[in-house]
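Student: Pasting the relevant annotations from TrEMBL:
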{"type": "DOMAIN", "residues": "10-179", "note": "domain 'Cytochrome b561 bacterial/Ni-hydrogenase'"}
{"type": "TRANSMEM", "residues": "16-35", "note": "transmembrane segment"}
{"type": "TRANSMEM", "residues": "41-62", "note": "transmembrane segment"}
{"type": "TRANSMEM", "residues": "95-117", "note": "transmembrane segment"}
{"type": "TRANSMEM", "residues": "148-167", "note": "transmembrane segment"}
{"type": "TRANSMEM", "residues": "193-213", "note": "transmembrane segment"}
Amino acid sequence: MEMSGHIKLWDAPLRLFHWLFAGAVIAAIVTGWVGGSLMPWHGRLGLLVLGLLVFRLTWGFVGSTYARWPRIFAATFGVKDYLQGNWREAGHNPLGAFSVLAMLLLVSFQVASGLMATDDIAFQGPLHALVSSETGSALSGLHRQAKWLLLVLIGMHIAAIIYYALVMRRPLVRAMIAGRTQREHPSQQDARGGSLPAAVLAIALGAACVWGVQAVGDWLRPEPAAVAPSLDW
């Protein structure tokens, strides 16, 4: 069988996740930075990111070849081969795998801290009642400070994309749009797996997690104080 010049690399659900995740994270940063009347949207975007994270966690087990966690974690052990120019695997290279894990972990921290954060003025996370006021304020401070590290990671990610496009002539953005990339070694094969039922499962789990957080938040919210009846003189 004749070997194709391209391979199927990123499945459609992963590509859709990638662009939704990027847009939601950037929008969350902007709305949080501006604050004021945009804070409710900051909270909504945080819930969207939560759902996307749960989807990605699930997809790492039921998705296609190069989206799976065993593949990504295995890549982190190939730094020596990569630096020596002996890396032959498709998908994330070792540095890309570390970048993905760092981004997902940091955004997960931002979501978790945002859910319980409170400044008692402009914003209260839906689960803020689970922690004390002092802990909520501390989490709010960490949430604000961690955005700088997140911006650094985003900047490094964009710089890497530009470097690969201009220096190494590897259009990573095109691959994340089209799902295909140039085959660089005969051993590289098309991605397999990632069925429609698996995608439905991952989406359902993400949506269920968001619904669960909102339901718990509503349950924890104190009842509004009853208005004292006016005296009829």
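Just so you know, glycine gets a Cβ as well, placed from its N, Cα and C.
As the structure is a computational prediction, the values presented were derived from the model and not from experiment.
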Student: Counting CB pairs under 8 Å, which listed stretch among 16-35, 41-62, 95-117, 193-213 touches the transmembrane segment (148-167) the most?
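Tutor: Per the Cβ count, the answer is 95-117.
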Student: Average the per-residue pLDDT over the domain 'Cytochrome b561 bacterial/Ni-hydrogenase' (10-179) and send me the rounded value.
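Tutor: Across the domain 'Cytochrome b561 bacterial/Ni-hydrogenase' (10-179), the average pLDDT comes out at 93.
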